[in-house]
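For reference, the structure discussed in these notes is given below.
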Amino acid sequence: MNSSQDTLFATPFTQVSDFQFDNKVVGVFNDMIRRSVPGYGQIINSIGDLADKFVTKNSHVYDLGCSLGAATLSVRRRLQDRECHIIAVDNSQAMIARCQENLTSYVSDTPVDLICGDIRDIQIHNASLVILNFTMQFLAPDDRDNLIKKIYDGLNPGGLLILSEKLYFEHTAIQSALDELHLDFKRANGYSELEISQKRSSLENVMKPDTLPQHEYRLKKQGFENFNTWFQCFNFASMIAIK
Ligand SMILES: C[S@@+](CC[C@H](N)C(=O)[O-])C[C@H]1O[C@@H](n2cnc3c(N)ncnc32)[C@H](O)[C@@H]1O
Ligand SMILES: O=C(O)C(=O)C[C@]1(C(=O)O)C=C[C@@H](O)C=C1
């Protein structure tokens, strides 16, 4: 997936505006997410491995907040002859346009319905896999319960939800230690203090991470009895929940 280097926050702004998944972000997104989210590449690969284990014949796979289609492509590579259908959704028109180009670059017999829309309005049914890879954190906290309930209801028995999120920690010293390790990861990937602090301000109002106990409580409350974290690096985690 080609991408320019992310320098969006490298020059000083008089006022930092709220983060948006617009054309400018789309152009650098692949570089941005790989240099910002520890373990992103491994998570994308493992989503393909999990798809291989959980996706059943003639079922649906949902990639909610698909961005450029990284998770969809990873899944699709593993699903030959499964006769299933992938539904990939994002509410950024710019992301969807670039995602379409990425999907058409690879041949596959698994059809993908690419939908520009809000994941809160999408119906889910006959699903063997639902992916929320760093998407739910951008929803208003009050909308998260309904989304998880809708996913639970739309999954077939034995179906899998993959939920990757940035985490917040209640304990002040733990929060600050893991946050600092994340910042060191960004520094090691070439981001300056200015880039780090301007991006942080830009995300402040639009990305609200939950704690791990909040995720566990929500998943259980909405019906998922089987839940575990399968990946964590610093303050980023990916969870699986099975219906
Ligand atoms: C961090 S990115 C997700 C990365 C992507 N899943 C991946 O694996 O590369 C978050 C995405 O969610 C989308 N998004 C945020 N809120 C949304 C909503 N309510 N409905 C649909 N898409 C949404 C954004 O446009 C953005 O593309
Ligand atoms: O927390 C940060 O600093 C991030 O950059 C995280 C994050 C994410 O988790 O989605 C935020 C926005 C971009 O989509 C890429 C990464």
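Glycine too: its Cβ is placed from the backbone N, Cα and C atoms.
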Binding-site annotation, TrEMBL, S-adenosyl-L-methionine: partner of TYR40, GLY65, CYS66, SER67, ASP90, ASN91, ASP118, ILE119, ARG200 in ASN23, ASN133, ASN189, ASN226: ASN133
Local confidence of the prediction over the domain 'Methyltransferase' (61-159), expressed as mean pLDDT: 97
Contacting binding-site residues for ligand 1, chosen from TYR40, ASP90, ASP118, ASN133 when the Cβ sits under 6 angstroms of any of its atoms: ASP90, ASP118, ASN133
Largest separation between Cα atoms (Å) of residues that the record links to S-adenosyl-L-methionine, namely TYR40, GLY65, CYS66, SER67, ASP90, ASN91, ASP118, ILE119, ASN133, ARG200: 25
